[in-house]
Structures are given as structure tokens and as C-alpha cells.
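Undergrad: Among the features that Swiss-Prot reports, (6S)-5-formyl-5,6,7,8-tetrahydrofolate binding site is placed at 29, 89, 128, 460, with the record citing sequence analysis. Feature annotation from Swiss-Prot assigns GTP binding site to 234-239, 253-259, 278-281; the stated evidence is sequence analysis. Under the heading K(+) binding site, Swiss-Prot lists 234, 253, 255, 258, citing sequence analysis as support. The feature Mg(2+) binding site is assigned by Swiss-Prot to 238, 259. Positions annotated as domain 'TrmE-type G' by Swiss-Prot: 224-382.
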């Protein structure tokens, strides 16, 4: 593993592992060579170093004879711990005063405040898991839906890493053969069969292309789908949002232009989080405030991953709808066209809009067609590929490394077509191995590790 220790890992770190604030319990975690001695110095009822691993002990925390709290101490002896070091977790009462006093006491006894993500960094540096798995720990902690939880869990257990590792192993074999040729350059010996190498690279590219393509779904599973509801004033946008959310989030009024700014909330559909933005209506504004809302609506449209265009079937003509659809087609984001208020004009729909395909008809007020709309939301983000248990890329860093790997592999193919010397071919293969190694941490730098783990919460 090409990495340098970014912090002194011979010391013992401590941090609050439970959320800040008052709670039933607070959990303080220590990791490092002095974790047992430091704990024993404030927990006199047990010699922590002498107890078996994975055991739990009840007793008092004492500071020079003064009892601070009655606690539960859990002992994990390295390497059978999260960090593969000696680890102690102290569960105390969740008073902010007790937690603060206990942390200060442990610091005085020789522990050091942990940096954000330092426990997980130590686990990575000690070989507990690779870098992609370490990043999945943070994703698991921040997961807020069934889908994001499932993807993070699969990655933390090594599913994604296994795919990358297999690709590297296949390439390493051919790289070694090409490198060996350089030692026999004067004899014109070819150890790496070029036909087999070309076949392998095409196979690897197919896997990488699938992983790159999966990022569009993986990213929205991890971060949610920014979804904008647009349409003319009084088309029923706020009513639709309220119906989807089953609560009154937006002001509903018969007065056109009531929604002057943005109302944001989240809807979970089969584990996928859609971050809905109900916008001001698209029309000529009658005052300065409303004009600002319309302008920002158009800005939100360009930033959205999904657009729901809602129109009133009662007051919209086919010509108007076709004109609006032309504007929607200019957007990069996929969109759904939804006709609202079918309860008021159901019989005339077929005649009026018979030449326009793909319209989803609903009544937001009567809750008609809402389930069909939800299924269309899932279909448009290609949700089926997630349900098939395919590996998904959710991390932008991994996505960029995969793209760079693909570029390097294209260079290898170009080099073989041009019959470049073996040393240049080997260089391009090494470059592809480098970018794959960036994902798992087989190739890493201090700056990269600092950047990744600094985004973790303290105590993890």
C-alpha cells in the first residue's frame, strides 16, 4: 500500500462517538496502545488489560477518589476491533456535563482528541478494509433511505472493491509480461500475447463502462433526486406536492401566483429519495417579487435531475402544451408531462391531447393517478437496475478514477494499433493500474487521505 502515515498512530485517541447534546447515554471511544491503561486509571474496579476481549464491565469512573459517573465499559483487544488496535468504549449517562468531564479526564490521562474520521483512517491504514470500504462507512452513517443504506452496506462489505480488485489483478498479470519483454528487448521476445491483451482490455472496458454508467443512478440514490415541479400558475403544483407528501406543505389557493418562491421537501418512493421543489408559476410576472420567483424557477429547471411539468387539462390547449414541451426538450434533465384536474374534464382529455404521447393523467386533489406517477418517477431514473443488485458507483471520486482508467485503456489499444514500443505500452497499462488503485487505496497520498477522512464525523 503506497501511503504514508498522515498522523502519529502510536498515540491513543479519544472522541465522543454518540451525537452531541443531551441523551440517555453518551459513548466515548478510545483507540491506541494506551487505551487500556488510560481506562484502568479512571476505572479502578477492573484491570482492563487483563480482561478478555469483547467483554462488558460495569463500574464507576473516578477522578482522584471523586466518582464522576457509573458507566459500562466495553473492551475490544486488537486486532479484533474496528481499528485493529486496542479499543475501549465507555457508555456513560448522556449529560453534556458528564461527557465533557469524562473527555477532559481521559485527555489529562494521556489520550489525544481524535481528528474527524481518524478511527476509520486507522482502520484503513491497519488493513481493516480498503479505501472504498472506508468511504462507504461514512455513506452508511449518512444514509437516509432504504436504497442508500443498501448500496452503502454492499460497498462497505466489499462488493464494489472486489470488482475493482479483480480488474487490477487481470491487468497486473499482463503488465508484468510486458515489463518482462523490456528485459529481453534485444531478442525481440513477446511474452504478452497482444491478441489476448486486446481481448482483456475490451472486457475490462465493458465492466468499467457499466460502472461509469451506474453513477447516474448511484449518485441520486446517495444524494436524492433534485426534482422540480413546474407549470403555469394554478396548475395545481402545490396541491400535487401536498398530495405526494400527505401533508400541507405549500399554500394552496385559487389565486394564480400564490407560490412566489420555492417550497422544498423530500418524498421516499421505494427507498429512493426525491427532493421536490415546488416553484413559482411560469408566466409573465405582475410584480417585482413574482418576477424574481419566475426567474429562479427557470434557474432551478436547469439544475434539476428531473422535471415534472404539470398542466391543467381544463385550461390548457394542445397548441400551448406542444409549445411548452419544445422548451422542456431543451433541458438536459429528463421530464414527465402530467395532466392535472382530470376530475373536472376527464371526457374531453382523449380528444384534446390525442396527438401527444406519454402524458400521465392525475387529479392531485382527488388523489387519482398518484401511484402511477410514483412508478413513472422510478422508471425514469432506471430504478430497475438497482433492484437487479448490480454494483453501483455512488462516489464522485470513484467515478472520476474510472473515467481516467478508461482513458488509459484507450491509450493502450491505440498504442497496440500503432505498434508502439513495449515501454510505452507498459506505461499506459501502469497508468490504468494507478487509477484503479486510487479507488481502493492501493495507491494513495497524504493529501488524498486527509481530504477523504476530514469529511467524516469526529468519533468515527
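Our numbering is plain: 1 for the first residue shown, then up by one each step along the chain.
Keep in mind that glycine also has a Cβ here, set from the backbone N, Cα and C atoms.
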Undergrad: Would you mind reading off the Cα separation of residue 234 (GTP binding site) from residue 460 ((6S)-5-formyl-5,6,7,8-tetrahydrofolate binding site), to the nearest angstrom?
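TA: About 48 Å separates the two Cα atoms.
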Undergrad: Around residue 89 ((6S)-5-formyl-5,6,7,8-tetrahydrofolate binding site), which residues of its chain at least 6 apart sit with Cβ under 8 Å of its Cβ?
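TA: Same-chain residues close to residue 89 ((6S)-5-formyl-5,6,7,8-tetrahydrofolate binding site) (Cβ under 8 Å, separated by 6 or more) are 17, 27, 28, 29, 30, 73, 74, 76.
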Undergrad: How big is the Cα-to-Cα gap, in Å, between residue 238 (Mg(2+) binding site) and residue 128 ((6S)-5-formyl-5,6,7,8-tetrahydrofolate binding site)?
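TA: The separation of the Cα atoms works out to 49 Å.
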Undergrad: For the binding-site residues listed here, 29, 128, 237, 460, which shows the highest count of neighbouring CB atoms within 10 A?
TA: 237
Undergrad: Cα distance, residue 237 (GTP binding site) to residue 128 ((6S)-5-formyl-5,6,7,8-tetrahydrofolate binding site), nearest Å?
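TA: Rounded to a whole number, the Cα-Cα distance is 50 Å.
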Undergrad: Measuring Cα to Cα, how many angstrom lie between residue 460 ((6S)-5-formyl-5,6,7,8-tetrahydrofolate binding site) and residue 237 (GTP binding site)?
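TA: Rounded to a whole number, the Cα-Cα distance is 42 Å.
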Undergrad: Report the largest Cα to Cα distance, in Å and rounded to a whole number, among the residues 29, 89, 128, 460 that the record lists as binding (6S)-5-formyl-5,6,7,8-tetrahydrofolate.
TA: 19
